[in-house]
């Protein structure tokens, strides 16, 4: 960008918007078009050389003058000379004249770049939801927030309200806490996304237009006749397009305002016949509605579609996976169709985020999922070294089997620990086996306290070894004289460890 065409340097640091301060005069090249020359033909020949700025007309028919950009045009030879000569335009038609620029001629990004601190990050992006612009300003920009809001209202079409996210999302209903920094406090919006219409109160629900592509990706995985359980449905960005595709959708959201908007949006898009809406806590929804409906679908041989479960609450969705194992306990049911779970989470760290996301899922499911995973996908970056990820797992609801495995883990642990301590009191030749068993114990995760339990095992093991009897004579003792380790005491010690 030519420095002469930028806002004046004197506006740097402005906190209260002064539109008059952006006025300036600059000299730029013009081409005077002779009366005998067709103005439109000349404009076509000069199309790539025109000076294009906000609210500035480079072609002035009444003056028969075309304003050119000063960067590509510094002299006559910079222009397409031969085509211009054919039109009767000669070198003496090129002149330099002054023009007046003002606040109206600058786009919002140029204005903010000129005003905000030069050596710090400026306004990188914002979201537009209907007539609302939603900002997430860094601390160093807070003194300029009123100015930023006014500039955006002036420059962004149809903007009537500008808000700034005031805190991280920590409330029960996961909606934004926001500050009105410019415009009117009107938060009812109507928007379109992926061919669907949504109405909601932006101040009372969660909506992120940056997830539009992700919503479409999930919809593209669905086919007519499929079944979708949408655990945190919000206002319906998964539910509505899935229902429009011919899927049956069981949708839930805890927020009463989201639930109301969900019902309205299903009606607006004429898909209510394919959707059941619930206003429940997600855990209760999993244990009751999802469980009962899924049992009925699995028992119905007529249902042959695929089953999907969307869990788009990245701050805590993985924690709710703990309720899936054992969900079908006490039921004689064949899992003839394995539900495909799409669970979202935040992964934070400087390295590859995929292993971090997988570890979170495994932590709450209680089993390794490496062999079950379909994919782990990057969704978007939410902060430095923090990404939103989607883990797609086709076997996360092998519920009965997973439940039995988890249920038996404490017994298996006790059995292995007993063997470790018994071997520790026998011959040195068996120490190798002891180490092998101890190594296996380290892989067992009991109540997500693996490291703590392992440390306690080692401490107890060391105490037992320290108290063992002196090494027996080389000649083996008769079987009747062999000492038997006090396994009852060891099992008692182990139980205490497990209860910690």
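Any Cβ shown, glycine's included, is placed from N, Cα and C.
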Stated Swiss-Prot location of region 'Disordered', expressed as one of 425-462, 463-500: 463-500
Per Swiss-Prot, member of 140, 215 binding S-adenosyl-L-methionine alongside 253, 254, 281, 282, 312: 215
Helix, strand or coil at residue 215 (S-adenosyl-L-methionine binding site) [DSSP, three-state]: helix
Among the S-adenosyl-L-methionine-binding set 215, 253, 254, 281, 282, 312, as the record gives it, the longest Cα-Cα distance in Å: 22
Chain-internal residues near residue 312 (S-adenosyl-L-methionine binding site), provided their CB is under 8 angstroms and they sit 6+ positions away: 231, 232, 234, 238, 342, 344
Long-range Cβ environment of residue 281 (S-adenosyl-L-methionine binding site), under 8 Å and at least 6 residues apart: 254
Conformational class of residue 253 (S-adenosyl-L-methionine binding site) under the three-state DSSP mapping: coil
Around the Cβ of residue 215 (S-adenosyl-L-methionine binding site), the count of other Cβ atoms that are within 10 Å: 22
